[in-house]
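**Student:** Dumping the structure here so I can ask a few things about it.
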Amino acid sequence: PLVRCSLCGSLGKLCRSGTAAVTTTTTTAPTPLSDARCYHEVVGDIICPSQVRGIDHIRDPRLNKGLAFTLEERQVLGIHGLQPARFKTQEEQLQLCKIAVNRYTEPLNKYLYLSDLHDRNERLFFRFLSENIEDLMPIVYTPTVGLACQRFGLIYRRPHGLFVTFNDRGHIFDVMKNWPEPNVRAICVTDGERILGLGDLGACGMGIPVGKLALYTALAGIKPHQCLPIVVDVGTNNIDLLEDPLYVGLRQKRVVGREYDDFIDEFMEAVVKRYGQNTLIQFEDFGNHNAFRFLDKYRNTYCTFNDDIQGTASVAVAGLYASKRITGKSFKDYTFLFAGAGEAAIGIADLVVKGMVAEGVPIEEAYSRIFMVDIDGLLTKSRKVGNLEGHKVNYAKDIEPMQDLEQIVSTIKPSVLIGASACAGLFTPKILRTMADNNERPIIFALSNPTSKAECTAEEAYTNTDARVIFSSGSPFPPVTVGDKTYYPGQGNNAYIFPGVGLGVICTGTHHIPDDMFLIAAQELANFVEPADIERGSLYPPLSSIRDVSMNIAIGVTKCAYDKGLASTYPEPQDKRKWLEDQLYNFNYETSMPVTWAWPRMPYIKTRDLVPTKLYGKK
């Protein structure tokens, strides 16, 4: 007999996805149609009324409105009596959500509440997140998401993305077909090797792409069904996880070398085969040794970027652009010292070089203004320890090697000190005081995540520089009071950048993403900083304005895509803002009633008499 697949929802969905009907000779009775319902009953933008039952409006988070269903909707959909008699507005539900989440004192419990809300009422979740981003950003993303990844085996409930394992090689496309959405436009993928500053978390790193793509929707209005979080699980070298009975990933050491590269190649090809060449693929939290390789390898053949390299660079450079209003100097007047030489540091340095070149500085001079320190000390051409592989070579100087950071700061006398080392407390009070002695307004960015990995706290930066520091951090810090003034340090969060870039890229169908787009994003973000923001100690606008920032960035990216011939959506829109706004996700409830319309009365036409038809062969 023909059996309906309980994972696919309906035979109609099987037909639409091109999946063949399956026959079976098993003696087991087929699953009754009334029981064979899946978690998501609808896909894409358009709901087919004949495929959705009334009860699905309660079961499916994309359709569910809770007590906001009207009396007419409840009666017509056949769900009257399945809910209490109370009718609520979405605004009343939002108030209840705020009360509920504030009942919890532990950030992880707040994270779990929001995850549960996402699982039962999608529109309410995204509206709640978008309208309370200052309070909820630290919950759905750094720093709480780091703890969620560490506890992932304990808190895992429902699939919010795909797990593609190394055991699936040769069949990655088959795994991709299992995701029910046919119109994915943005993928965030990680292999879990370097989750924030926490190291190798393997498959538990799924929290990162889930959190990133939630921000795509909440901050830029990208439709949630167009987003797909993915973990490529090739194992983990974290012994604690391998021995943890709650670990949910492949229990094996990481695959490396040619096998690993071939696996990632197959994954990229499967994405394009399933969703098209212009599908945005955001690489997230790959190990340093792989991140740059993959960016260089794929950037001109796929629509891809690495947020740890390019997104971090863009938000940091935006802070540097804003700092010029305080110091009155340009990039060519700065001397930069990076503590750390990984993805973030190299990415920021490369974009700073691009920014200096845009200001007319020769590229050789631009490189000469930037110094970099890794675990083996200052990058120099003559040092005997450590490697100078890849992009590090561009920043190696022809000077005597030094290993002590305090000595390096005293010798080089940088005007800008940027930490991307994941080494807590690296910026000692002595280093901070030296920066203050050498600069009227020292610029110090402690960008490592999460908060526990920051090179210094905001309080340490302000108190050791007589509050003359221009400070930014990668994770949020509380306000700092020095004397009679309170400072509110800004957080250089990548969320200022990647949602807007993603929106512009998706809407234009951009083929490839050049670094120019991230420089444009940095400039747009810096332009959004008001004098009042700088006065209170922040180089960034309030998080509450981040949706407006994302729209401005998306407009800039859209212009760049058409100017450089990278867009594939034509004709080019004249009013780009309105064009982008027309494609945004609607956070508000829509009617659940089927659309009906009247027909005009048919005109009277006299018909012929009905005469029985004479059949052939009859006399």
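Backbone N, Cα and C define each Cβ position, glycine as well.
Grabbed the feature section from TrEMBL, which reads as follows:
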type     : residues               : note
ACT_SITE : Tyr141                 : active site, proton donor
ACT_SITE : Lys212                 : active site, proton acceptor
BINDING  : Arg194, Asn449, Asn493 : (S)-malate binding site
BINDING  : Glu284, Asp285, Asp308 : divalent metal cation binding site
DOMAIN   : 118-299                : domain 'Malic enzyme N-terminal'
DOMAIN   : 309-562                : domain 'Malic enzyme NAD-binding'
**Student:** Rounding to the nearest whole angstrom, report the longest C-alpha distance spanning Arg194, Asn449, Asn493, listed for (S)-malate.
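**Tutor:** Greatest Cα separation within the listed binding residues comes to 18 Å.
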**Student:** Below 8 Å Cβ to Cβ and six or more residues apart, same chain only. Which residues does that give for Asp308 (divalent metal cation binding site)?
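**Tutor:** The list for Asp308 (divalent metal cation binding site) reads Arg194, Phe283, Glu284, Asp285, Phe286, Ala291, Glu343, Ala344, Gly347, given in order along the sequence.
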**Student:** Check the domain 'Malic enzyme NAD-binding' (309-562) for me and report the mean pLDDT.
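**Tutor:** Mean pLDDT for the domain 'Malic enzyme NAD-binding' (309-562): 95.
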**Student:** With a radius of 8 angstroms around the mean position of the C-beta atoms of Glu284, Asp285, Asp308, what other residues of the same chain does the divalent metal cation site pick up?
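**Tutor:** Near the divalent metal cation site, beyond Glu284, Asp285, Asp308, sit Thr190, Arg194, Ile195, Ile208, Phe283, Phe286, Ala291, Asn306, Asp307, Glu343.
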**Student:** In whole Å, note down how far the CA of Lys212 (active site, proton acceptor) lies from the CA of Asn493 ((S)-malate binding site).
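**Tutor:** Counting only the Cα atoms, the answer is 12 Å.
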**Student:** In angstrom units, rounded to an integer, how far apart are the Cα atoms of Tyr141 (active site, proton donor) and the residue listed as 'active site, proton acceptor'?
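**Tutor:** A Cα-Cα distance of 7 Å.
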**Student:** Do you know which of the recorded positions Arg194, Lys212 has the most other C-beta atoms within 10 angstroms of its C-beta?
**Tutor:** Lys212
**Student:** How many Å separate the Cα atoms of Asn449 ((S)-malate binding site) and Lys212 (active site, proton acceptor)?
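**Tutor:** One finds 15 Å between the Cα atoms of these residues.
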